[in-house]
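Peer 1: Residues or ranges marked as ATP binding site in TrEMBL: Gly11, Ala12, Gly13, Lys14, Gly15, Thr16, Arg128, Gly173. Taken from TrEMBL, the feature AMP binding site applies to Thr32, Arg37, Gly86, Tyr87, Pro88, Arg89, Gln93, Arg134, Arg145. As annotated by TrEMBL, region 'NMP' applies to 31-60.
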Amino acid sequence: MTRLLLIGPPGAGKGTQAVRLAENYGLPAISTGDIFRSNVKNETELGAKAKAYMDAGDNVPDSLTNALIRDRLAERDCESGFLLDGYPRTTDQVRELDEFLAGHGTALDAVIELVADPDVVVERLRKRAGDQGRSDDDEAVVRHRLEVYASQTAPLVDVYGGRGVLVKIDALGAIDVVTARITDALAERGIALADRSRL
Ligand code: AMP
């Protein structure tokens, strides 16, 4: 039973690390960004509501995001733990998650902060814009997403730091190296890889 969060600015590599960690720890990776993107792609009602915020690089309103995550965490595969990528992003979302966890008599095991220099992430996202064509990877939107991160999400780092669950990881370096840093830091906290891990 492991419950993990990945937090960090856009471009720090959260999505990439989430997929690897989910596999290594045998957890479902839940990315609110991916869920919103698939709703936009499939032209759902939620997608229609979220799209303008996403294109502008703003956070989707907490009411929509919290409802989505409440439903997702209630699914069966989350009973034995989860890895959240990109949620919570605001103090209101922290409250929502706290309530959910308290209601289930559980707590987070670790909050992994991917630390990356803003100039480096802007450059990474410039590359991703070419590779993946994400509409919110336009440079002006990227700068705005970084501002939104700094004002709305960065304060969460202190919240989790104060609770003693924060694990700070240098996100610069090869993907494997960053994964190994995370795995080592979690091992120090007694969080072990799943048996079927390939590491
Ligand atoms: P991401 O893939 O995590 O970079 O998220 C892409 C976009 O989806 C963000 O810029 C927001 O517009 C939206 N989004 C993802 N997660 C959240 C969240 N927890 N709260 C609000 N908006 C979110």
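Cβ atoms here come from the backbone N, Cα and C positions, even for glycine.
Just so you know, TrEMBL annotations never went through curation; they're auto-generated.
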Peer 1: Given a Cβ distance threshold of under 8 angstroms, which distant residues of the chain, six or more beyond its ends, lie next to the region 'NMP' (31-60)?
Peer 2: 14-15, 18, 68-69, 72, 84-87, 89-90, 135-136, 141-142, 144-145, 148, 152
Peer 1: Can you list which of these binding-site residues (Gly11, Ala12, Thr32, Gly86) have a Cβ closer than 6 Å to ligand 1?
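Peer 2: Going through Gly11, Ala12, Thr32, Gly86 in sequence order, those close to ligand 1 turn out to be Thr32, Gly86.
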Peer 1: Return the count of C-beta atoms lying within 10 angstroms of the C-beta of Lys14 (ATP binding site), excluding that atom itself.
Peer 2: 23
Peer 1: When you rank Thr32, Gly86, Pro88, Gln93 by Cα distance to Thr16 (ATP binding site), which of the binding-site residues ends up on top as the closest?
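Peer 2: Its closest listed neighbour, by Cα, is Gly86.
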Peer 1: Taking only the Cα atoms, work out how far Ala12 (ATP binding site) lies from Gln93 (AMP binding site), in Å, as a whole number.
Peer 2: 21
Peer 1: Between the two most separated Cα atoms in Thr32, Arg37, Gly86, Tyr87, Pro88, Arg89, Gln93, Arg134, Arg145, the residues recorded as binding AMP, what distance in Å do you get?
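Peer 2: Largest Cα to Cα distance for the AMP-binding set is 25 Å.
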Peer 1: Among Gly11, Ala12, Gly13, Lys14, Gly15, Thr16, Arg128, Gly173, recorded ATP binders, what is the largest CA to CA distance in Å?
Peer 2: 16
